[in-house]
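Each remark here refers to the structure printed beneath this line.
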Amino acid sequence: MKTNKASYDIWDANGGVDPTPGKPTNNSQAYNGDNPSYISDVDSEAQLKDGKQAEDDRGEWGNKAEFILSCIGLSVGLGNVWRFPYLAYQNGGAAFLIAYIILQLVIGKPMYFMELVMGQFSGKGPTKVWDMNPSAKGVGVSMCIISLIVAIYYNIIMAYTLYFFFSSMQETLPWTVCTEEWVRDFNCVSKREPSPPLCSLNITANELLGKCLCTGNSTIDNSSMPFNMSCSRNEPSTPASELYFYKEVIQKSPGVDIDNMGAPLYKIALCLLLSWIIVVICLIKGIKSSGKVVYFTATFPYVILLILLIRGALLDGALEGVKFFIIPEWSKLADIQVWAAAAGQMFFSLSVSFGGIIMFGSYNKFNNKVYGDSLLISFMDLITSVIAGFVVFTTFGGMAKQIGKPVSEVAKGGYGLAFVVYPEALSNLPPSQLWSVLFFFMLFTLGLDSEFGLMETVLTCIQDEFPKTRKYKSAICIGMAVACFFMALPCTCPGGDYVVTIMDHYGADFSVLCLSCIEVISVMWVYGVFNFLKDIEYMLGSKPHGWPYWVFCWGLSSPLLIGLLFIYRMVTHNPPTYDNGEPYPMFAQGLGWGLFALAMCPVPIVFLWRLVRSFMEPSVTGLRKRLSFMFSPTPEFGPNDDVIRTEPYRSSNSFVMGSIGKKREKKAYENPIRVTDD
């Protein structure tokens, strides 16, 4: 056996009194010589052994590839394909991309790195990691709730992709065919074509055209036409792909009120059930099973994206689509709405403040080089978004050229891109069935590993809070999936599209922006940015490269910019609207704000409960001890490095408000012996 000693600075719990190793202090810590470990006066040695055994059963990544691929799978999802390209087009092309990159540098990458460090250093999930600042534990609970909300409606979108995946296997793609009812009521066209030119007085020219548009001039429209020919009226038409999705697949109702909700659509419900079954099979053993699945689900989309990119680049008009995507409107950089849109996309795409990053990091080995991992994963997220943008807009450029319209008239975002416009574009690429099957299978795999991260976050929070439940991991996974399936059933109704919009708008948009601001303040302004930096140095052996940059981002740019963006979003808030621009009814908005309150209420509740407990503890007297009880790391917090400790890693009375740059009295001690095999 060989030993390795490392020194680490701590500050004293008792106003500078140096506790004697192996003896209890007034911090209720005792030393046991047979099993060197600190035991609080509320725990027994047996309880600590049980806790250690439960911690040993927590699990760990099989190798680094599983961790990186899982993180990429969580960050790279459906939004990279249907949301990022359209937002870039809508907000100034490359100008939006510049704003996105800047926000990634000053907010996204620092927060991604911060959350990975939090999880890896402590070996704890989104709730237990807040032993570092117990008054902020509500942040972790809110992360769990938000992940659950997103997991519920995210699987609805995956059910849509399964519906289209199976529909793509038909001899004739169903979104290329108009029914008689659609022709009569919506002037349905199976395939958009260039509009014919206007009729003229030249009868020979009209005959050569075969079809021409009415001019409104009766002399031209009637007198000059051949006997067997009449002019076509320039009436608005609706493509079959749009009617198929809204009228056949989701059967969208005219409103969100109870009378228009309708009953669950059995085809969507069955696809939803299949999606949940696949998720459960992949998560049944936690990261031991999902870590193997991501080898396929995280890499297969890149294969399909590259194939679609090559195919799209060969289309006539592809260059016009690319220009439309990347040519910047520099004036847009002065529009704060562009920055707000880029921030919203960044948070949802990187999955910052959803808890999944902390959760994945907690299953790492303690000395994993997490610094390079965080940079690689955030870079891959950006690259994927850009590739998806080229894939989408090369295809749109070819489609626009074919129908003789500008790219702006075929570009849509959200559902309209994934389930209306892009399927129509794919139907023009022979063999259309093959391209459609590949595209929708790619969408499903993109969503699948993101769903893994969301659900595993919820399951990890439950198992960390109640370690004895780890032995029932499979049963809890199945039970959670069944509960989520039934909670998602309203989303399969004709009015379900509105429910999904409400859940996304209120449960995962505002709430995440607000939560991320509270999170970074709780870590960097309360726990302390330099304490956090010391944790990184202890874990990795050195400070991260360019550490002043990280300190600046963590301590200043991230909390301030996120706070300003949240205030801007609240001040300029517009409720969700129907297609005609009419806002959702007040009761629907009320439900949305109720969902927001549900997601955020753990933050103040846990804070107030910790404050009440500080008055219930007889030993907590005076302002300093109360602040320490509220905000200092608990005795349970420490590095997940399997070190046998003779001193608590953090004392519970070490809080100093505004720890950035402030001095604090510290004691140096020899860190306990790290034991390794010879």
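Positions of Cβ are set from backbone N, Cα and C atoms, glycine also.
TrEMBL does not curate its annotations; it predicts them automatically.
As recorded in TrEMBL, the features of this protein are as follows:
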REGION    1-38  region 'Disordered'
COMPBIAS  23-38  compositional bias 'Polar residues'
TRANSMEM  67-88  transmembrane segment
BINDING   Gly73, Val76, Asn80, Ser349, Leu446, Asp449, Ser450  Na(+) binding site
TRANSMEM  94-118  transmembrane segment
TRANSMEM  139-166  transmembrane segment
TRANSMEM  265-284  transmembrane segment
TRANSMEM  293-314  transmembrane segment
TRANSMEM  338-363  transmembrane segment
TRANSMEM  375-396  transmembrane segment
TRANSMEM  434-452  transmembrane segment
TRANSMEM  472-490  transmembrane segment
TRANSMEM  510-530  transmembrane segment
TRANSMEM  551-571  transmembrane segment
TRANSMEM  591-609  transmembrane segment
Inset, instruction - Would you confirm whether the transmembrane segment (338-363) and the transmembrane segment (591-609) meet the contact rule of 3 or more C-beta pairs below 8 angstroms, pairs 6 or more apart in sequence? - result: no
Inset, instruction - For the recorded Na(+) site, enumerate neighbouring residues of the same chain (Cβ within 8 Å of the Cβ centroid of Gly73, Val76, Asn80, Ser349, Leu446, Asp449, Ser450, site residues themselves excluded), in sequence order. - result: Ile72, Leu74, Ser75, Gly77, Leu78, Gly79, Ala298, Pro301, Asp381, Thr384, Gly447
Inset, instruction - Have a look around Leu446 (Na(+) binding site) and count the other CB atoms within 10 A of its CB, chains all included. - result: 28
Inset, instruction - Count, for each of the binding-site residues Asn80, Ser349, Ser450, the other C-beta atoms lying within 10 angstroms of its own C-beta, and report the residue with the smallest count. - result: Ser349
Legend entry - Non-local residues, at least 6 beyond the ends, that sit with Cβ under 8 Å of the transmembrane segment (67-88): 61, 94, 96-97, 100, 116, 154, 157, 287, 290-291, 294-295, 297-299, 301, 325, 341-342, 345, 348-351, 356-357, 360, 363-364, 368, 373, 376-378, 380-381, 384-385, 388-389, 391-393, 411-415, 417-418, 443, 446-450, 452-454
Inset, instruction - Return the stretch with the most CB pairs under 8 A relative to the transmembrane segment (94-118), choosing among 265-284, 293-314, 434-452, 551-571. - result: 551-571
Legend entry - Listed in sequence order, residues with CB under 8 A of Asp449 (Na(+) binding site) and six or more positions away: Leu69, Ser70, Gly73, Leu74, Gly77, Ser290, Val293, Val294, Thr297, Ala298
Legend entry - Per Cβ pairs under 8 Å, the stretch of 293-314, 434-452, 472-490, 510-530, 591-609 packing most closely against the transmembrane segment (139-166): 434-452
Legend entry - Touch test for the transmembrane segment (591-609) and the transmembrane segment (510-530), at least 3 Cβ pairs under 8 Å: yes
Legend entry - Best-contacting stretch, by C-beta pairs under 8 Å, relative to the transmembrane segment (265-284) and drawn from 293-314, 434-452, 551-571: 434-452
Legend entry - Cβ contacts under 8 Å made by the transmembrane segment (472-490) with residues that lie 6+ beyond its boundaries: 148, 151-153, 155-156, 261, 264, 269, 272-273, 276-277, 279-280, 283-286, 455, 458-459, 462-463, 496, 499
